[in-house]
Amino acid sequence: MIELTDNKLALEQLIQSTPARIGVGCSGTRPKTEIMLKLRMDHAMAVDSVYGDIPKAFFEEFHFPIVQTPCQSKEMYLKRPDLGRKLTSEGESFIREHCKKKPQVQIVISNGLSSKAIESNIRDVYPALLDSLESYGLSSGTTFYVQNGRVACMDVIGEILEPDVLVMLIGERPGLVSADSMSAYMCYKPRIGTIESNRNVISNIHRGGTQPIEAGAQIGAVLRAMLDQKTSGTRLVI
Amino acid sequence: MNKKISILGKTYQFNSLKEIMAKANEEKSGDQLAKIAANDVSERIAAKYLLSETRLCDMRENPLLSPEEDEVTKLIESDLDESEYNKIKNWTLSELREYLLSREVDGETMLKVGRGLTSEMIAGVTKLMTNLDLIQAASKIRVITTCNASMGQNGVLAGRAQPNHPSDSLQGIRASLYEALSYGIGDAVIGINPVIDTSSSVKEILLMTKEVMNTWNIPTQNCVLAHVTTQMKAIQQGAPADLIFQSLAGTEKANDAFGINIELLDEANELIYKEGTATGPNRWYFETGQGSELSSESHHDIDQVTLEARCYGLARHYKPFMVNTVVGFIGPEYLYDSKQVTRAGLEDHFMAKLHGLPMGVDVCYTNHMKADQNDMDNLAVLLASAGVNFLIGVPMADDCMLNYQSTSYHDIATLRELLHLSPAPAFERWLEDIGLMENGKLTKRAGDPTFFLSQRGVH
Amino acid sequence: MHETNEWITSLGIDLGTSTTKFIVSRLQISKVSSAFSLPSYKITKRLCTYKSQIYSTPLIDDETIDYTNIAKILEREYEEAGITLDDVHTGAVIITGETANKKNARIAVNQLAERAGDFVVATAGAELESLLAGKGSGAQDFSIQTPNQVVANIDIGGGTANTAFFLNGECIGTATLRIGGRLIRLNPAGFVKGMADSFKPWLEENGFLVKKGDQISFERIKQITDEMAKNLIGYLAQSSNDEHTQLLYIDPMPQSLPTVHTWMFSGGVGELMKNSERMTLEEGTRYGDIGPFLATSLNQLMKRSSFNVLSPKQTVRATVIGAGTQTTEISGSTVFIQNGNFPIRNVPVEKVHIQNEELQSDQLDHIFSETIKKGLSLHSMGLDPAFALYLSGIDYCSYEKLKKIVNILENIYSQYLPNQKNIVIICQNDMAKALGHALSIRLNGKVNCLICIDQINIQHGDYIDIGQPLPSSIIPIIVKTLVFTSDA
């Protein structure tokens, strides 16, 4: 049994210097019970975030219309990324009929790989984003939600609604440090066939990472730059 | 070459060797995503039957990707030991399997035979093997390599210290590295995946790790796993790198997506032998993993096991110090669950060893894969029994920078105790010298990272 | 990812009790964020590229700084260093030791800063001096390399001994005593040419009855400096508690001192300590003061006590290098700037410390208006902005909290400062850009200029200078303490 009692201050300093799980001690060669259970719990949160759904109350608060991709189940979503890049035909006709065409800015939200990311961050990111659009003199179209979407479904949406710029707020693959981390993918005139390097991204948006309100504010700045420079991705100068 | 077979009254017809190879694979979501997998289990086994009758020369004469089209094929072809190949070219894959498993054939002989096999032949025989076959066959092969220190000896299980930090904080990396060393991990390499891919940042990390190595006289090697071009720049700016790293893929087009080609690897190769700080002959660290070719849509409809084997064909050209497959990192669309990850880990390890590579495995999974820590425990035991050269050590298995789970410092220490394995010899002597090991066991002082604060170096 | 490095030029000027020095340094600003996160920059290198010779500080008389001559020195040094005013991005003039007590100290240092470059600031204060010397001497860096061990740097110049304590790279305390090499001035025959008034009480209490014109012996001088060394080290090492030491205190002294593991001596006396040997009276008085004697006394005492003494990287120039290379910080890179006219100098900062529970309650209004009222009573209303607000303590700023803060800010500014045309808000947390957007929408053109910056720690809480934003919205910031013991 190894007890870490000596040099406690020094140990504390080492632990503070990294979010890695160090200074945890062991019994024999195995980790202590509490630290082992902590790992299992963090993993459980991450798994539940992948497989969980956004609660109804969220949609009652925000009134985002919901659009589906052909991925009916999580298993299908995980195994068939190609299907997550499309909308169902009902979804396509819904946005064609109900969303503003050719908006300057189109905002799309999707659970992606973490429902919790949307649940915990939209409340802060979204209004800060609207503030920054107003502050930069930009107007936005009809925001909607895509269930089980992948980043590249930006292209299909771009093809239908023809926005000047599109931002997709999507749940990231959960890590153990944060199960609710969100990314914002942005693209100038996204259309089918847009390549990855034409998109810009701000990732790691959550309480303990990129601050959600600052992310919202910065998205406005990036979109403004895309409109000014008429490009996005690696060629964009921010 | 036969492409049609009837079993139990049902006829299975295939169009090409490529199709047979793909359908003979154990179930992988990546092959399904690529729409090349067997439609059902019996079709899979039927394909295995046909494959087992295929002769090695048939395979060589029908390359899945021609050398004119692809520089990886060309390299594998030109590196082939023709005299070894000529001895066995009329064997079927079935005969090859039985030869490799027979008691009379030892590791040395297998390595010799391996030099006469193309990567596709090695992938083919792998498809005929069960998990225990893969463990049994691989366990006979020892591949010993030397950078500053040697590893791969019989009875040795090394560990890579992977003390990553989400913002490359040198203090944070150092703290995690102390933790690794205190468990006796870091004999394979002290290897950091950086967040910031700039030469100045890479140089800082190399300098810091080198300083720790020098202060404590640690017989190991350092590496920062940035893109190869960034490492080259850092080395040209005087950064002390023992190893140079790159991720490899199995086709020219997929390597292109990684921003590399053989010419660039040759250039890096020349640089690391000229400017690298290592003393030994093996200076490369490669990483691979099933599915990367499909993810960049450069798979040419070839299955992911065969493509993975081709990575090893490319890797062996550079006589690396270490290679590992990051087996569960890529995600459930390529390896859906723990069963698929386990299979892939054993396949990759065996295939690489038959290529003569010093193979380690990053036994790992992401949070959207149907797997958990128990599954990793299982696979780690299987691989340690199969004689894997090294595993990856991450604090409590949780990599706070790459956001996935691997094996922990604790896990590697446990496997050594459980299966009577040791750290690399020079490293073990060092652990004994500083008092972290005694008679092959970790001492009471192990597991305390402040050990490396309390005393400033030795000797 | 491409490599983003930008270099800026920063200079430092140290007007000390006995000597004046000047340096030029280059600061490297690098992008430290990945392509996937918000941009983030850090000062990654601070290199000193030019060092002036060491000048005697020009004085008109015991009480007055000779500003004209200092300006001339500066002009010559700019030429020597091959730089022009336009090359200088930032820097600091620091007035140290007894010089800060001169009649025209404040005017001289401010004028000098204005003359030295667009964004060169005037600073003073014993605490800051100790800190900068400790950074310049290399003590701070050394403390990073020796985890969990306190490193003390004692910078001894002509008039004061400024000590900074470092632990793991952080300054955990400072202490200044009136101990210096030039407190008594002597000629080669041992005649006293002058004494600092502030030093006389200590001499008298210790029974050293010396006055101007007296001739004192080698042994007597050594007795004085031995006693000075004993008082200084005794106090810092907490080994002896001499009641006379209190006569050497300058600022309020710290409540407790850490246990020191490694000692460094910088400053003019630190330089003399490097090779203090047996000497004659004539050699000991070669600088016209007691500096060499003090160095010898300190060396003997440290050796006798078996203290762990390490040679610093810089001695005489420690403070000026600290001032030149260490005063500039940069703000977080997501900020909000509407019509700033840079540089903005000498903005007093009023701190609003918000506890998390207070954010939930109605107390918030009260906290803000109290701060504003305090600011109004302290600072001249002729200035615009009269002062900046510093928001600290918020652990996580949700949009709801942001909205609350914006409401309150709008109210208090229109209530208490309706004619204010420039608003500067500094946030400890990364939230400035969102705050700026929300506030500018709310203010709707009521002010000319709105600046919100963040990720700056204002520890001493005094004044801030905001420089011209560099490309990529990096804003150089200097947080400073302007303390003059005599306010002439």
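Note: Cβ is positioned from N, Cα and C throughout, glycine not excepted.
According to its DSSP assignment, B:GLU287 (substrate binding site) is in a strand. Per TrEMBL, substrate binding site is recorded for B:ARG160, B:ALA161, B:GLN162, B:ASN193, B:GLU287, B:ASP362.
Its Cβ placed at the centre, B:MET401 (adenosylcob(III)alamin binding site) has 24 other Cβ atoms within 10 Å. Residues or ranges marked as adenosylcob(III)alamin binding site by TrEMBL: B:PRO194, B:GLN246, B:SER295, B:MET401.
Within the same chain, the residues at least 6 positions away from B:GLN246 (adenosylcob(III)alamin binding site) whose Cβ sits under 8 Å from its Cβ are B:HIS227, B:VAL228, B:PHE258, B:ILE260, B:LEU265, B:ALA268, B:TRP284, B:TYR285, B:PHE286, B:GLU287, listed in sequence order.
Rounded to a whole number, the distance between the Cα atoms of B:ASN193 (substrate binding site) and B:SER295 (adenosylcob(III)alamin binding site) is 21 Å. Long-range Cβ proximity for B:PRO194 (adenosylcob(III)alamin binding site), meaning a same-chain Cβ under 8 A and a gap of 6 or more residues, is found for B:ASP168, B:SER201, B:VAL202, B:ILE205, B:VAL224, B:LEU225, B:ALA226. DSSP assigns B:PRO194 (adenosylcob(III)alamin binding site) to coil in the three-state reduction, placing it in neither a helix nor a strand.
A simple way to gauge crowding: the CB of B:ALA161 (substrate binding site) has 29 other CB atoms within 10 angstroms, across all the protein chains here. In the structure shown, the C-beta of B:GLN162 has more C-beta neighbours within 10 angstroms than that of any other entry among the binding-site residues B:GLN162, B:ASN193, B:SER295. In this view, B:ARG160 (substrate binding site) is surrounded by 28 other Cβ atoms within 10 Å of its Cβ, with every protein chain counted. Counting every protein chain shown, 24 other Cβ atoms lie within 10 Å of the Cβ of B:ASP362 (substrate binding site). If you measure from the Cα atom of B:ASP362 (substrate binding site) to that of B:MET401 (adenosylcob(III)alamin binding site), you get 15 Å.
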